[in-house]
Amino acid sequence: MMNTERPAGPLRPPHPPHPPRYLALAGPTASGKTAAALAIARVHEVEIISVDSALVYRGMDIGTAKPSAAELAAVPHHLIDIRDPLQAYSAAEFVADAQALIAAITARGRLPLLVGGTMLYFKALLEGLDPMPKADPATRALIATEAAEQGWPALHAALAEVDPVSAKRLHPADSQRIARALEVYRLSGQPLSSFQTTKLIATNEGVTGARGQKCLNIPENDRCLISLEPQNRAWLHQRIAERFDAMLAAGFIDEVRALRARGDLQADLPAMRCVGYRQAWQALDGLWPMSELRDKGICATRQLAKRQLTWLRSMPERRVVACDAPDALDQVLALARDFVNAGNKLQGQP
């Protein structure tokens, strides 16, 4: 049995006035990020910064697999429940908020631990963010194949589900622009319209957001990205199915009904387009039988996980841990310990 209690010896992150350092834990949905983060928190003095575009919304607890009240109380968490579902939360806002939190947590003598699966946010912090993804021949070819099989009006309808703002501007026969909008969404997980309004630009000093603020320019030696990735995709698929079943049993449909009952939320809001919520909303609208919700929700979640893994593989500095390995948690804790101890040595701490 692995001991995850905080030891008496010094395993403390560097203290100010030293430059900030941070540890990051990324992975696809259902890969075990929350459990790993809490295990790290039992050993090291950390505060968790959520890197999840769905967890920012209040009243969306079950379908987002939000940490429980006990988990939130066990260690300080940030960027959870900070927006009403009526409000948007952009990548630019995340960069600005994360910048301030990394500095503040460091000033308190603790280590920022960034945890989540919104890869666009990680990319903004780690690499800077281009205005929008470049053309990808493989994605374009797949879209062209779908268009040949289904027709452009069908793809326009698919675009309307993920990017209603762009779809509203485009004619169903405007194949070139529909293809580009779908390409951007599939590559980034974000609608084309969000890139057109966010206006993030990458600079040599960091990322400048819509509010004119830059993220911290932290050298690679002062940051560590641990990536939870399955060796066996079937393992992750099983976890996704089990988690969706648990959400349904916990009252997920009632949670979506309560959101609809507010009367001020619409299906095209960013919050309501979150995976699971979109499918439940459509089922409640009668677009398909409620009996199909489970399969559609699981399918959409698997597609999300596939996109997340594609993003992760484009991050060369990540340190991969096979999340389906029996000793996955031990590996995560070893990487975290090495990172913290390396920082202590750099600062002359024992």
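From the backbone N, Cα and C atoms, a Cβ is placed for every residue, glycine too.
The region 'Disordered' annotation in Swiss-Prot covers 1-20.
What Swiss-Prot records for 10-20 is compositional bias 'Pro residues'.
In the three-state DSSP assignment, the secondary structure recorded for Gly27 (ATP binding site) is coil. Among the features that Swiss-Prot reports, ATP binding site is placed at Gly27, Pro28, Thr29, Ala30, Ser31, Gly32, Lys33, Thr34.
Taken from Swiss-Prot, the feature substrate binding site applies to Thr29, Ala30, Ser31, Gly32, Lys33, Thr34.
The region 'Interaction with substrate tRNA' annotation in Swiss-Prot covers 52-55 (among others) and is backed by sequence analysis. This prediction places the mean pLDDT of the region 'Interaction with substrate tRNA' (52-55) at 96.
Annotation source Swiss-Prot lists site 'Interaction with substrate tRNA' at Thr118 (among others), citing sequence analysis. With a cut-off of 8 Å between CB atoms and residues at least 6 apart in sequence, the same chain places Val51, Asp52, Ser53, Ala54, Phe94, Gly189 near Thr118 (site 'Interaction with substrate tRNA'), listed in sequence order.
Here Swiss-Prot flags Arg140 (among others) as site 'Interaction with substrate tRNA'. Other Cβ atoms within 10 Å of the Cβ of Arg140 (site 'Interaction with substrate tRNA') number 14 in total over all chains. Under the DSSP three-state reduction, Arg140 (site 'Interaction with substrate tRNA') is assigned to helix.
According to Swiss-Prot, the region 'Interaction with substrate tRNA' annotation covers 176-180 (among others). Residues 135, 140, 143-144, 147, 152, 155-156, 159, 166, 170, 192 of the same chain, all 6+ positions outside the region 'Interaction with substrate tRNA' (176-180), place their C-beta atoms under 8 angstroms from a C-beta of that stretch.
Feature annotation from Swiss-Prot assigns region 'Interaction with substrate tRNA' to 273-278 (among others); the stated evidence is sequence analysis. Here the region 'Interaction with substrate tRNA' (273-278) has, by DSSP, the following mix of helix, strand and coil residues: 3 helix, 0 strand, 3 coil.
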DSSP-assigned states of the region 'Interaction with substrate tRNA' (176-180) in counts, ordered helix, strand, coil = 5 helix, 0 strand, 0 coil
With DSSP helix as H/G/I and strand as E/B, how many residues of the region 'Interaction with substrate tRNA' (52-55) fall in helix, strand and coil?
-> 0 helix, 0 strand, 4 coil
Looking at the binding-site residues Pro28, Ala30, Gly32, Thr34, which has the shortest Cα distance to Arg140 (site 'Interaction with substrate tRNA')?
-> Pro28
Based on DSSP, name the secondary structure state of Thr118 (site 'Interaction with substrate tRNA'): helix, strand or coil.
-> coil
